[in-house]
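Below is one structure, written out as structure tokens, with a few remarks after it.
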Amino acid sequence: MAKSVVIIGCQWGDEGKGKLVDLLTDRVSAVVRFQGGHNAGHTLVIRGRKIILHLIPSGILREDVLCVIGNGVVISPSALMEEIKMLEQQGILVKGRLKISSACPLVLLYHVALDRAREAARCKQAIGTTGRGIGPAYEDKIARRALRVGDLLDESNFTANLREIVDYHNFILREYYRVEPVNYDQVLEQTLELRSNIDHLITDVPMLLAQIRQQNKNILFEGAQGAFLDIDHGTYPYVTSSNTTAGGASTGSGVGPLHLDYVLGITKAYTTRVGYGPFPTELKDDIGIHLAKRGQEFGATTNRPRRCGWLDLVALRRAITISSVSSLCVTKLDVLDGIESLHICIAYYYNGQRFDLLSDSKILDRCEPIYIELPGWQEITAGITEYDQLPHNARSYLQKIEELCGIPIDIVSTGADREQTVVLRDPFAI
Ligand code: IMP
């Protein structure tokens, strides 16, 4: 039976989804991105070689896997062309393997200018966006004025519509934000390369995916960012502008919800967050610094240092519920090696009351985490590929997560490389 597996982040992004997508792509015919844009940064390390992808699905590193960008993704023509070039320079064939929905909204220069102007105007209330124009591009989509990939095919219409939309956004840039407007010719130029290469990329994605399923072949849906950056379910307004939860895989690709068979939720063994916004288990002490250093916690897109903290099960359980997560993959277990005592947040205190679940993210920054303490391990777990070889205390840590989340752990990642993985159950074989 063909299976469609959705991989999503269960925290604030950067959980290591790219590595898992890459690992599981040898079981599939297609990998599909369904939301986000080039704000994502998926780091893949294959036999020591590191590649960072922003827009193209992580399946691109396996030959014969079709890479599909669904309608839920916003596409920057320049970022896409740059990424295709980078991959081809490394000898990775992209042409013929990449398919894009005509309904993907474009991210253009005025979106970037608006993103940056808004962030600057927000001062202390800034979101800490990646500055890539993602939010304004989704705004245009919802406002029904976006230029989309399919519009590139009709040159005269495209240039006329572009003129109108540039004028509109330039008015806001100039008159409201008091910043430099964008240059129409430069925006047009940004689209030229993609326009001349777009024909063979555009595909009816829902029908393509339906066909693949009918042929009894597996599909992997690759989420970007994480549950608490979801525009509806995240720590609003400190979120990204798309649905990062599993439902987004359906609306963002045109595959009906009953054709998504399994959701693999990715969580780090601790927690990180880039950008501003509440983070109850954040550690500003030596352990936080240690996690950042050991885990090389710098954003793959902006190189900003990530904030680090203990694993938060109140948040994780919520992510599991919202996305009907079937099982977990715990990444970066090795980063906890050598820490004497580990903490897991199991509830919050707020206003003198204990909350095992929390629905109002507005009060998150005033919540005190309640922790359980578990003994750490001194042994090195980096690179371990067999569960039985993990130290006793590392296994106890994982078992505690399973017990408190009520779902199994299928995969444990013990290093950045594809090979450094313990696979307990294969999501495609269940
Ligand atoms: P935007 O997506 O650029 O609008 O940024 C909104 C928020 O999402 C900011 O806090 C970003 O740091 C965060 N964000 C966006 N993409 C990623 C990602 O791939 N990993 C982690 N955080 C992200």
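Glycine is no exception: its Cβ is also placed from the backbone N, Cα and C atoms.
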Need a hand: TrEMBL gives Asp14, Glu15, Gly16, Lys17, Asn39, Ala40, Gly41, His42, Thr130, Arg144, Thr240, Arg304 for IMP, which of Gln225, Gln296 is also on that list?
Gln225
Scan Gly13, Asn39, His42, Lys141, Gln225 for recorded positions whose C-beta lands under 6 Å from an atom of ligand 1 and note them, or write none.
Gly13, Asn39, Gln225
Between Thr302 (substrate binding site) and Asp14 (active site, proton acceptor): CA-CA distance (Å):
12
List the Cα distance (Å, whole number) between Leu333 (GTP binding site) and Thr302 (substrate binding site).
24
So which of the recorded positions is most packed in, judged by how many other Cβ atoms lie within 10 Å of its Cβ, out of Lys19, Lys141?
Lys19
May I ask for the distance between Thr130 (IMP binding site) and Thr414 (GTP binding site), taken between their Cα atoms and rounded to an integer number of Å?
28
Which of these recorded positions is closest to Ala300 (substrate binding site) if you go by CA atoms: Gly13, Asn39, His42, Gln225, Thr414?
His42
Give the sequence-ordered list of residues that share a chain with Gln225 (IMP binding site), lie 6 or more positions from it, and have CB atoms under 8 Å from its CB.
Gly9, Trp12, Gly13, Gln35, Gly36, Asn39, Ala40, Thr240, Ser242, Thr244
